[in-house]
Amino acid sequence: MSTNTRLVRGRFAPTPSGELHIGNAWAALLSWLQIRSLDGTFVLRMEDIDTQRARPHLASQILDDLYWLGLDWDEGPDVGGPYGPYTQSERIEYYEEALKQLEDQGCLYPCYCSRADLLAAARAPHGLSSEGPAYPGTCRLLTPDEAACKSLVKQPSLRFKVDHELLSFQDGIAGRQQFDTASGGDFIVRRADGMISYQLAVVVDDDHMHITDVLRGADLLDSVPRQLMLYRALGMHAPAFAHVPLFMGPDGKRLAKRHGGTSLAALREMGTAPEQLVGWLMWIAGLTEELVPLTAKECIPLFDMDKLPSESILITDEKLSRLHGS
Ligand code: GLU
């Protein structure tokens, strides 16, 4: 074991807006294995910044489900650590500080567009990203007088100015990626109601928490360019990224509650043992040839990022029935 491997720091950052399902367990397990196999430090961060969607009881249920799975963390909301707090709703001052820095640098502008304006813009043929259609930049062109006039009647959101460029980065699983930053447009860093955006909070937190390696679901792959732009503007160093493919249901749509028996709560209720789920996730990952029960700890020496699939994984009824043991 090398002496400086503990400098490797990873994290799992759930949003407590729904129950943990097998797709989340897959990302959590692989992220934990990546860090544990390097003898690094694993952090748990609760991303409850969207107070309208976050449910406090789900936050504690998520921790409980993760412990049940056999994971542990060196720093987190329940165990503390040197870079806390580890709950986003308690970190607002850090986000405000970053906003101020961006504002002072002239990277932001107020946006007064209503939902209806944005919907109308959405009908125009702009690029699409996980955050919806690209913003056409309407308010970027407002004169200070026009902006002052609008501010009398509406609280603005704050947008980050995106300049057109091709951004490329190496993803540990998805491979070389190249994005045209214009396809997402200027993005929101603070909503009109004051809520800090996921993009800003995640960048500030990963930097403050000295995260070196981010492994998470591929639904966030197209967030990387926005995060890279924020890292750069804030003078921060971006971590290495690896995005694990998503689980798709038999209908070709992302695996979700409606597919049944996929939340950890449901599995636990059905009497599934954690070793059964961990063994199944490892088998799906192609890290074991046979479907055998395994503890999370037993999987540490089996982790090999190069073996992980990079395409979405179809979870057929047959595969699910192997998990349910029928
Ligand atoms: N909180 C995000 C989610 O649950 C994950 C954020 C991240 O890993 O960057 O989807």
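Cβ atoms here come from the backbone N, Cα and C positions, even for glycine.
Annotated features in TrEMBL:
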type: BINDING; residues: Arg11, Phe12, Ala13, Pro14, Thr15, Glu47, Tyr198, Arg216; note: L-glutamate binding site
type: BINDING; residues: Cys111, Cys113, Tyr135, Cys139; note: Zn(2+) binding site
type: BINDING; residues: Lys257; note: ATP binding site
type: DOMAIN; residues: 8-308; note: domain 'Glutamyl/glutaminyl-tRNA synthetase class Ib catalytic'
type: MOTIF; residues: 14-24; note: motif ''HIGH' region'
type: MOTIF; residues: 254-258; note: motif ''KMSKS' region'
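Everything TrEMBL records as a feature, shown here on the structure.
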| residue | record | Cβ contacts under 8 Å, 6 or more apart |
| --- | --- | --- |
| Arg11 | L-glutamate binding site | Ser31, Phe42, Val43, Leu44, Arg45, Asp206, Met209, Ile211, Val214 |
| Phe12 | L-glutamate binding site | Ala27, Ala28, Ser31, Trp32, Phe42, Val43, Leu44, Arg45, Leu66, Leu71, Trp73 |
| Pro14 | L-glutamate binding site | Leu20, Asn24, Ala28, Met46, Glu47, Ile62 |
| Thr15 | L-glutamate binding site | Glu47, Asp48, Asp50, Arg53, Ala54 |
| Cys139 | Zn(2+) binding site | Tyr109, Pro110, Cys111, Tyr112, Cys113, Ala147, Pro156, Arg159 |
| Tyr198 | L-glutamate binding site | Glu47, Ile49, Asp50, Ser223 |
| Arg216 | L-glutamate binding site | Ala13, Ala27, Ser31, Ala242, His243, Val244 |
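Highlighted here are the binding-site residues (Phe12, Ala13, Arg216) whose C-beta falls below 6 Å from ligand 1: Ala13, Arg216, in sequence order.
Residue counts for the motif ''HIGH' region' (14-24) under DSSP, split into helix (H, G, I), strand (E, B) and coil, are 3 helix, 1 strand, 7 coil. Taking every pair among Arg11, Phe12, Ala13, Pro14, Thr15, Glu47, Tyr198, Arg216, the residues recorded as binding L-glutamate, the greatest CA to CA distance is 16 Å. Cβ proximity to the Zn(2+) site centre (mean Cβ of Cys111, Cys113, Tyr135, Cys139, cutoff 8 Å) flags the following additional same-chain residues: Tyr112, Asp117, Leu118, Gly137, Thr138, Arg140, Ser157, Arg159, Asp186. Looking at Cys111, Cys113, the binding-site residues in this record, the fewest other C-beta atoms within 10 angstroms of the C-beta turn up around Cys113.
Of all the binding-site residues given, namely Ala13, Glu47, Tyr135, the one with the smallest number of surrounding CB atoms inside 10 A is Glu47.
Cys139 (Zn(2+) binding site) falls within a helical segment according to DSSP.
Across the residues of the domain 'Glutamyl/glutaminyl-tRNA synthetase class Ib catalytic' (8-308), the predicted structure has a mean pLDDT of 93.
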